[in-house]
Amino acid sequence: MKHFEANFDGLVGPTHNYAGLSFGNVASLNNAAATSNPRAAAKQGLKKAKALADMGMVQGMLAPQERPDLHTLRRIGFSGTDAEILNKAAKEAPALLRACCSASSMWTANAATVSPSADTHDGKLHFTPANLVDKLHRSIEPETTGNILAATFNNSRHFAHHQHLPEHSSFGDEGAANHTRLCKDYGNAGVELFVYGQEATNPAAPKPSKFPARQTLEASQAIARLHQLDDENTVFISQNPDVIDQGVFHNDVIAVGNQNVLFYHEQAFLDTKRKLDEIKRKFGDSELHFIEVPTSRVAIQDAVKSYLFNTQIITLPSGEMAIIAPTNCQENEAVHAYLNEVVTLGSPIKQVNYFDVKQSMQNGGGPACLRLRVAMNDMELAAVNQHTLMNDALFTRLNAWVDKHYRDRLSVDDLADPQVLIESRTALDELTQIMKLGSVYQFQK
């Protein structure tokens with residue numbers, strides 16, 4: 001039986017815009033009110049996904065959310081026809097309308113936490129959608145995320161789907177963006193690293209003072225219980241609150257791991273030495289590579305601006321590892337120099353490939369944000385909805401779909417236009433037929 005890690009990238013939705021909704025995300029705030037290009041954003045994401053498929057990686061796509069979200073606008077008191085609701089919301093509560101139009105579900109690293117069957121007691125692949133309670137525009141995603149995941153991984157013999165955690169700050173959960181799995185091989189039981197920003201039930205514990213800590217220890221522990229993980233397969237690590245206050249809103253902005261490599265900034269964690277020792281002990285006797293990037297080489301500001309750590313580390317069919325980095329890393333002198341060096345350090349990382357994902361980057365999401373990692377075997381892959389897997393035919397069909405339905409310019413003011421809603425629903429209805437998802441959206445029910 002073959003074992004491998006698949007990547008399921010989020011397809012950028014038709015309402016991709018720059019509304020500056022994400023407090024604590026420097027890029028999101030800095031580009032607020034800029035005019036976006038949804039067509040270019042979607043094509044950039046598809047190009048990256050197809051390139052990984054062409055490298056021999058298993059690559060899938062996850063559908064975007066329905067936006068504008070009229071269901072939520074109705075829940076908060078707006079009534080009338082769809083056009084009347086959009087008009088009222090634009091006049092009376094423009095910030096709420098912007099939240100209900102976000103295409104942030106493209107960042108599927110926040111869609112869910114995934115534990116592979118090699119780690120779980122029941123031998124199934126487990127999925128728990130993130131509740132994303134810290135941000136209004138993302139807190140309205142989990143139900144539809146669960147629908148899309150269930151339609152993609154649609155076989156109960158192999159896949160276990162959980163409801164998202166209770167919608168309270170004590171269980172603030174941001175999904176795989178705060179979760180990394182280390183293992184010898186993808187088919188072996190691994191060590192799952194859960195990184196959190198605060199302890200909800202311990203006011204004395206360290207936490208940031210400027211920006212919010214979006215992940216709690218309590219949420220991470222709950223996910224580990226739901227996924228039937230052993231204590232010997234889990235490590236809970238506190239993120240350094242100082243770096244959260246410098247714009248490191250998720251752990252995947254400051255660290256990334258793959259198989260036997262953990263690539264992280266020296267300021268990423270609290271109590272680093274003790275936690276690395278715990279990882280080593282639980283990992284076992286196999287070779288393990290810790291690549292620590294010192295502040296003297298790459299400052300936190302440069303790491304955040306370039307998204308050095310929001311890169312993907314993938315294991316190629318050859319067994320070598322490659323870093324998938326945004327072109328922004330090439331444009332930062334210190335970061336580019338470090339990436340040129342990292343391939344010479346004697347670790348499994350032997351190459352760096354750069355991709356233009358600037359439409360996503362300007363909203364605060366790099367290559368790692370755009371993908372949900374799913375370690376699996378070939379039997380589980382055969383049980384996945386095959387219409388969601390990237391190949392030449394799907395790439396061609398989705399590009400044509402984007403050309404047909406997506407605008408090449410979208411401003412925040414356009415979001416109140418009823419035509420945007422019509423265009424988006426028409427596109428998504430067709431997409432569910434292309435990807436054979438069934439009725440996953442509210443407007444289809």
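All residue numbers here begin at 1 and follow the chain in the order shown.
Heads up, the Cβ atoms here are built off N, Cα and C, so glycines get one too.
Taken from Swiss-Prot, the feature substrate binding site covers 19-28, Asn110, 137-138, Arg214, Asp252, Asn363, and the record attributes it to sequence analysis. Taken from Swiss-Prot, the feature active site applies to Glu174, His250, supported by sequence analysis. Summarising the annotation, Swiss-Prot assigns active site, nucleophile to Cys369 and lists sequence analysis as the type of evidence.
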C-alpha spacing of Glu174 (active site) relative to His250 (active site), in angstrom: 8
Sequence-distant neighbours of Arg138 (substrate binding site) in its chain (C-beta under 8 A, six or more apart): Ser102, Ser104, Ser105, Asn110, Leu132
Alpha-carbon distance [Asp252 (substrate binding site); Glu174 (active site)] in Å: 11
Cβ neighbour count within 10 Å of Asp252 (substrate binding site): 29
For Cys369 (active site, nucleophile), the number of other Cβ atoms found within 10 Å of its own Cβ: 27
DSSP state at Arg138 (substrate binding site), helix/strand/coil: helix
Those binding-site residues of Ala19, Leu21, Asp252 having Cα within 10 angstroms of the residue listed as 'active site, nucleophile': Asp252
